[in-house]
Amino acid sequence: MPSQIGHSLTIIGFEIRDNGSANLLVLDPMFKPSSAVKRLRGTRAVSADPARILKGYRRGADYLQKYKIFEVLKVIMRTSPNVIITGTPGVGKTVHCEQLAQDTGLRHLSINQVAKDRDCFETYDEELETWIVDEDKLLDAVEDEMLQGGLLIDWHACDLFPKSWIDLVVVLRCPSTSLLYDRLSSRGYKETKLQENLDAEIFGVLSEEAREAFDEEIVVELTSEKDDDVEENCTRISNWVSSWRINQNLDTN
């Protein structure tokens, strides 16, 4: 029974993998089990606190971060991966997601649309003419869908999502700033907002954020300027999704 600062966790089961590693199933009596835990056959738990276990982990409590089992519990419930398609506005995120949804059967989840539909906005930035998202409210809104998996997550940022929710991060890049300028201008962006996005693309801000937030091996940059780029990128991502599904099936058999 591992403990941390007078707090104990009970091991309720384990799985020995073919490679010799082990997955532990852990019950934390201080937190209410998540729906993912409840779905595990034969798992019963009693809660002494109304806080949710996954929410507590997500918020970054230091002692919870020591127990990676919370990530394992979330990952093993997914039968299809969650893929973030991110990048500066105008690089083609939605085009890629719509094509990939057809090619892979994954569901396109527009975070901007979720924020609108579920009222996850906090304030309005007058200078940049954009709504600021309430990140906690947004995470609560998408948590159940994320745990189920099978999503193409379409948004201009990725660093707010827990690592355990995401299997692949695709950062789309548009090296031609003149092309990106034209795309953003056609959307009616004012000069301040337009220039901020161009600067973000030039300095690779979103790529840096992705690598800081996630393990580097799951982050990939792809060029998105021409129709041929979209086709090639979608083929590459679709192949990755197929491989992920095969590997997951092998791991569970």
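Using the three backbone atoms N, Cα and C, a Cβ is placed for every residue, glycine included.
Unlike curated entries, TrEMBL annotations are predicted automatically.
Taken from TrEMBL, the feature ATP binding site covers G90, G92, K93, T94, V95, R187, K226. Here TrEMBL flags 6-72 as domain 'UFSP1/2/DUB catalytic'. Residues or ranges marked as region 'NMPbind' by TrEMBL: 110-133. The region 'LID' annotation in TrEMBL covers 186-196.
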Sequence-remote partners of the region 'LID' (186-196) [C-beta within less than 8 Å, at least six residues beyond its ends]: 89-90, 127-130
For the region 'NMPbind' (110-133), the mean pLDDT of the predicted model: 88
Long-range neighbours of the region 'NMPbind' (110-133), counting only residues six or more past its ends (CB under 8 A): 94, 97, 141-142, 153-155, 190, 192-193, 196
Residues of the region 'NMPbind' (110-133) by DSSP state, where helix covers H, G and I: 7 helix, 10 strand, 7 coil
Same chain, 6+ residues apart, C-beta under 8 Å of the C-beta of K93 (ATP binding site), given in sequence order: I85, T86, G87, D154, W155, H156, L172
